[in-house]
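Asker: Below you will find the structure I want to go over with you.
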Amino acid sequence: MGRGKVELKRIENKINRQVTFAKRRNGLLKKAYELSVLCDAEIALLIFSNRGKLYEFCSSPSGMARTVDKYRKHSYATMDPNQSAKDLQDKYQDYLKLKSRVEILQHSQRHLLGEELSEMDVNELEHLERQVDASLRQIRSTKARSMLDQLSDLKTKEEMLLETNRDLRRKLEDSDAALTQSFWGSSAAEQQQQHQQQQQGMSSYQSNPPIQEAGFFKPLQGNVALQMSSHYNHNPANATNSATTSQNVNGFFPGWMV
């Protein structure tokens with residue numbers, strides 16, 4: 001997949017510019033060498049860096065000077081001498097104009113940086129002040145637009161985060177509601193099961209009552225008073241105590257405890 005179209009302009013970052021220059025220079029030298037070997041072509045390549053350092057490549061065994069001389073003879077041999085002189089004069093005039101323009105721009109740049117202001121008169125200083133004010137307004141306007149754009153982006157991100165937060169909160173509430181419903185459903189089922197077990201136990205208790213054990217004291221069979229009275233009636237000596245004995249037996253305590 002291609003990287004897309006690269007905009008050709010000067011790289012502002014100094015380090016990146018140097019790195020790019022080194023990579024592209026080596027690539028260009030390599031391509032020139034490959035072309036000279038593959039196609040048996042005579043190639044001369046001259047590269048000057050922005051610091052003025054020279055990098056060259058020449059495929060001719062005789063060297064760069066001979067190749068350049070060959071190029072000079074080939075280029076100027078077909079030119080008219082009069083036309084060549086006129087072109088050189090025109091180019092020299094263009095060079096002088098460009099040089100003057102560069103000097104004016106450099107001078108103006110130094111003024112904008114606050115340098116060499118002593119040689120300027122009041123009108124020039126006022127003109128420079130208006131230029132600086134216009135530049136400041138332009139800079140502030142650009143800064144304000146940039147800050148507004150950033151603020152708009154931040155608001156958009158904030159709305160997205162709030163929407164995500166609401167979705168997460170809604171999911172959490174639904175999860176809690178489902179968990180609570182499941183808990184109460186299981187509790188109700190357990191209570192219903194316990195109630196059924198209690199109902200089953202009560203019905204079983206009613207259908208099969210427990211056998212009561214005999215008490216510690218058993219009831220007396222028959223009329224104890226009559227038995228004891230008849231027993232004592234056989235003995236005349238005890239006839240007088242029959243009533244007392246009958247009362248003691250019916251009251252469940254002996255006479256000596258009275």
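Placed from the backbone N, Cα and C atoms, the Cβ positions cover glycine too.
Per Swiss-Prot, the features are:
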| type | residues | note |
| --- | --- | --- |
| DOMAIN | 3-57 | domain 'MADS-box' |
| DOMAIN | 88-178 | domain 'K-box' |
| REGION | 186-214 | region 'Disordered' |
| COMPBIAS | 191-200 | compositional bias 'Low complexity' |
| COMPBIAS | 201-210 | compositional bias 'Polar residues' |
Asker: Considering every residue in the domain 'K-box' (88-178), what is the mean pLDDT value?
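Answerer: Averaging the confidence scores along the domain 'K-box' (88-178) gives 89.
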Asker: What is the three-state DSSP composition of the compositional bias 'Low complexity' (191-200), stated as helix, strand and coil residue counts?
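Answerer: Tallying H, G and I as helix, E and B as strand, the rest coil: 10 helix, 0 strand, 0 coil.
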